[in-house]
Amino acid sequence: MKLHIDRLDARAPPPRLTLVRAAAAASKKPLLGNYSEAASRKFLGSRYSCFVRAVKMSAGAAALALAWAVFTEVASAERPLKDEIIKPKIFVEQEAIFARVINFLWQAGGSSYQPVWPEMKFGWKIVVGSVVGFFGAALGSVGGVGGGGIFVPMLALIVGFDPKSSTAISKCMIMGAAGSTVYFNLRLRHPTLDMPLIDYDLALLFQPMLMLGISIGVAFNVVFADWMVTVLLIILFLGTAAKALMKGVETWKKETMMKKEAENMLESETKQDVAEGSGEDYKPLPSGPASSQDEEVPITRNIYWKELSLLMYVWVAFLIVQIVKTYTETCSTTFWIMNSLQVPIALSVTLFEAICLRKGTRVIASKGKEITNWKLHQIFLYCSCGIVAGMVGGLLGLGGGFILGPLFLELGIPPQVASATSTFAMLFSSSMSVVQYYLLNRFPVPYAAYFVVVATIAAFTGQHVVRKIIAVLGRASIIIFILALTIFVSAISLGGVGIANMVEKMENREYMGFENFCVPS
């Protein structure tokens, strides 16, 4: 459509000016008050030119609007064909899938978490749960993994807690089992060296990073959906269990070779003594990893106070940060500042130990004659593993020993020392996570206190029984096999519980995305 606007003759007086003149002549008053007629003409002429420009612009805008209306009307008639040409169907489907994924993972204010705390009363659930928890704590304390992979399914499937409350109570049980195990190990010495069973330098390197990871993991526990936790758990645990099993087989073979060599030496020396007619009975030195552990020593002899004070400094500093955080608004500036303070606290102690190890002023003495000459990238990698172990512990309600135990074995640490040291580090991290879960009101105190007592007794019993078995058989690889078995059973049980919850939520069409950390449920 073509629009045409007739031009007005510039020489002809404007219509509006003619009307004004007529009105002025009729009233016999000067045009526009005291203004002269020339000034009036000039003023009204400028107003007229503005009027013309406005008309032209309006006409142009009207023309554009009309053209756009015609264009869209024509385009809409061919819309199916245009969509197929400009945007193929597969792109449309991918965009729709992407939109559904985003909507599935995040909805403003969306939350499906509802705490389930069964009433505490004596019944078959408490009895069966106590028995399962007892064996889980006994095995977990010996393997140095805490037993959280057995506690969480027991609390969810048997007792009836929701998954996140089960995670929190599991941490309480790990704390009780770790405390009992550390008390037991503080009276024991290294299997072959004159030093405590717990390697304090190893703990100094990993414990601060473990606690930093715990804080991150607890936050992830609030945000992550259950199905995300399940996927991470199955992948991590199956890989760790396979690694620990291979390490156990390798250690078993080494022990078998050492036993054969010892028997050959004993046989040759016995024949030599008989030939010489000495008549003295040959009494071989006690073999096996428990040889130097038979004699218990005072606890104070096995405590290195300087290293312990550094570990306590980290724990107390983290505790103060967590308590102060409770008096701040979630996600406020002060809240994030307090959270960020945990980083320099942890790094200060870990860097101190790492620099000392790099310079050689400190060594991982539990490895024996093998010299520890770690490079910077190795130390960084090991410390990162400590953070990951803490994150897994805080997220899944497990002990960091599920990662630290196999890692220590890979570093060449004897199984007894690896188990004792990882449990020692877990005592600090688990107690800190219990404080965090308590401040978040994630578990009922009576239930938690009861299961802490069960885990404490079970851990002490398990340590006594397994140490006796190791002393009789002379095979420390039993600890590694218990470690691998506990991790594998945990992967199956926790994975099964997680998959069952996923299916139930999908059937009920419940929200399965991220929770809002700033508005915790």
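Positions of Cβ are set from backbone N, Cα and C atoms, glycine also.
Any TrEMBL annotation is an automated prediction that lacks curation.
Listed in TrEMBL for this protein:
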TRANSMEM  126-156  transmembrane segment
TRANSMEM  168-186  transmembrane segment
TRANSMEM  206-238  transmembrane segment
REGION    268-294  region 'Disordered'
TRANSMEM  310-328  transmembrane segment
TRANSMEM  334-358  transmembrane segment
TRANSMEM  379-405  transmembrane segment
TRANSMEM  417-440  transmembrane segment
TRANSMEM  447-466  transmembrane segment
TRANSMEM  478-503  transmembrane segment
Stretch with greatest number of CB pairs under 8 Å, the transmembrane segment (168-186) reference, 126-156, 206-238, 417-440, 447-466 candidates: 447-466
Return the stretch with the most CB pairs under 8 A relative to the transmembrane segment (126-156), choosing among 206-238, 334-358, 379-405, 417-440. 379-405
Report, as numbers and ranges, which residues of the same chain sit near the transmembrane segment (478-503): CB under 8 Å and 6 or more residues beyond its ends. 136, 139-140, 142-145, 147-150, 152-153, 156-157, 163, 226-227, 229-231, 233-234, 237-238, 240-241, 244-245, 247-248, 251-252, 396, 398, 402, 405-406, 409, 415-416, 419, 466, 469-470, 512
Counting Cβ pairs closer than 8 Å, which of 206-238, 334-358, 417-440, 447-466 has the most of them with the transmembrane segment (379-405)? 206-238
State the non-local partners of the transmembrane segment (206-238) in its own chain: residues 6+ outside its ends, Cβ under 8 Å from one of its Cβ atoms. 112, 149, 163-164, 167, 311, 314-315, 318, 339, 342-343, 345-350, 382-397, 400, 402-404, 425-426, 428-429, 432-433, 436-437, 440, 487-488, 490-491, 494-495, 497-499, 501-502, 505, 512-517, 520
